[in-house]
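Colleague: Structure in structure tokens, see below.
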Amino acid sequence: MGCMKSKQTFPFPTTLESEKRHVSEENFMPEEKFLPRIPSLVNVKEEVKEPPGPQIVVFEFAQHLSQEILSDALQQWAGNNLKYYDIPYIESEGP
């Protein structure tokens, strides 16, 4: 009888199908896509814009919050390190 999974069709395209698809796609693709693009010689000036007020407040809050989280994490790690520093690390050889 066999397994039902083995009788189902493979959901992904085979290599032959993908090769046929690429051949047909090349006919419809313009030649411009294959040519390297040359940057234009127009002078582009980048302007540095100051972020508006609310964005500065949000940035400062996020910076403060990330520093607080990092500080708490380091304190927690230090506490656990002191608590368990005298227990030797034992490597296991099996699961």
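Note: Cβ is positioned from N, Cα and C throughout, glycine not excepted.
Taken from Swiss-Prot, the feature N-myristoyl glycine covers G2, and the record attributes it to sequence analysis. Per Swiss-Prot, the feature S-palmitoyl cysteine maps to C3. Among the features that Swiss-Prot reports, phosphoserine is placed at S40, S92. According to Swiss-Prot, the region 'PKA-RI-binding' annotation covers 56-74.
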Colleague: Using all protein chains in view, find how many other C-beta atoms are within 10 Å of the C-beta of S92 (phosphoserine).
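Modeller: Around the Cβ of S92 (phosphoserine), 5 other Cβ atoms lie within 10 Å.
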Colleague: Can you check what DSSP calls S92 (phosphoserine), collapsed to helix, strand or coil?
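Modeller: Its secondary structure by DSSP: coil.
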Colleague: Could you give the number of helix, strand and coil residues in the region 'PKA-RI-binding' (56-74) as assigned by DSSP?
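Modeller: Reading the DSSP string over the region 'PKA-RI-binding' (56-74) gives 19 helix, 0 strand, 0 coil.
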